[in-house]
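Data block below; observations after.
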Amino acid sequence: MRYLTAGESHGQALTAIIEGIPAGLALSAELINKELKRRQGGYGRGARMRIESDRVHISSGVRHGKTTGAPITLTIQNKDHQKWLDIMAVEAVEEQIKFKRKITRPRPGHADLVGGIKYRFDDLRNALERSSARETAMRVAVGAIAKAVLTELGIETANHVLVFGGIEVAVPEAMPFTDIKKAAEASDLSIVNPKQEATIKAHIDQVKKEGDTLGGIIETIIYGLPAGLGSYVQWDRKLDAKIAQTVLSINAFKGVEFGMGFDMGYQKGSQVMDDIIWHETSGYSRRTNRLGGFEAGMTTGQPIVVKGVMKPIPTLYKPLMSVDTETHEPYKATVERSDPTALPAAGVVMENVVATVITKEILEQFPSDNMTDLKQAFFAYRDYVHHF
């Protein structure tokens, strides 16, 4: 499985071509749209979410509600593009139009300046448009297809916010996966403790009044995987490393950890490793899951628990100082439309990109030309692991 995305924040549309999805997978635009709607929700979202109501168009690779095994083409139209027809025109335009929304004052924390340097842009909008988090809408659409494959294999996914703008969410100890998923999806903050919602929302509102933004820590959980996905034989085949790369590819994500993560640096080995246990009916398992479902780059059969830290959104309504790239004089950075926080949406993105990596690994490890062969091979392997 592989895919490419294309499109700009204020361009005509976002596009993706996905190759390697097995034939025979039940798939509809509505299934993908439900996932896109999740991304657009959450407390603290701004005007863009009222403008855009993302709906995907499938133009290839699906016939009569089932995938054909051919490349799948997805398109999401940008409704906001109507206000940017001249500025984002593909064809050459007159000079006065070309410079109408020209950006020469890069925003700290964005791709504006470094992208302009790398690609020799005199208008930094070219970097801004492609590097925008708008692109993650298409990665969620791709993830929705990946999650459809996982569902057929009995694998579930969930995400929730652990730290919201410096406020730690009190997660009940040993909270079951199903309860985490249900509570987070019922919360417009994607937290599992409803008693903290009022406090966090008041914090978001205050930060918005101050013209500032908030970051936090998100946890994604993958439940139902057998032991043995991934490999230790080469560095680039370690599955946890692949997940780490894809999490860090999400806009504004600056760190990733598994299980206890960086807390392991403060512990002894006996406080970190997961005891191996065996039962005649359930086979091998672990007494704990401190390593987050991985040993030596391979799944252990425990839930995958991965955390990502998202920096505060760098677009501020009280902009930081910058330098004009034409005059080299100091100025306040350009202000583009932004939200005080996007943590709930970022959690949906993280869940979907991790699901995509897991699906890709499964499709590489098992026969995957069609769903019948995939399911037969996957369930046979799961049975083998169970009786090892």
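For all residues, glycine too, the Cβ spot is worked out from N, Cα and C.
Features of the protein shown, as given by Swiss-Prot:
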BINDING   R39, R45  NADP(+) binding site
BINDING   R130, S131, S132, N251, A252, A296, K311, P312, I313, P314, T315, R337  FMN binding site
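Everything Swiss-Prot records as a feature, shown here on the structure.
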residue : record               : CB count, 10 Å
R39     : NADP(+) binding site : 26
R45     : NADP(+) binding site : 18
R130    : FMN binding site     : 18
S132    : FMN binding site     : 20
A252    : FMN binding site     : 19
K311    : FMN binding site     : 15
I313    : FMN binding site     : 24
T315    : FMN binding site     : 21
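If you measure from the Cα atom of I313 (FMN binding site) to that of R39 (NADP(+) binding site), you get 16 Å.
S132 (FMN binding site) sits 15 Å from R39 (NADP(+) binding site), taking the CA atoms of both as reference points. Reported as a whole number, the C-alpha separation between K311 (FMN binding site) and R45 (NADP(+) binding site) equals 16 Å. Taking CA atoms as the reference points, R130 (FMN binding site) and R39 (NADP(+) binding site) are 19 Å apart.
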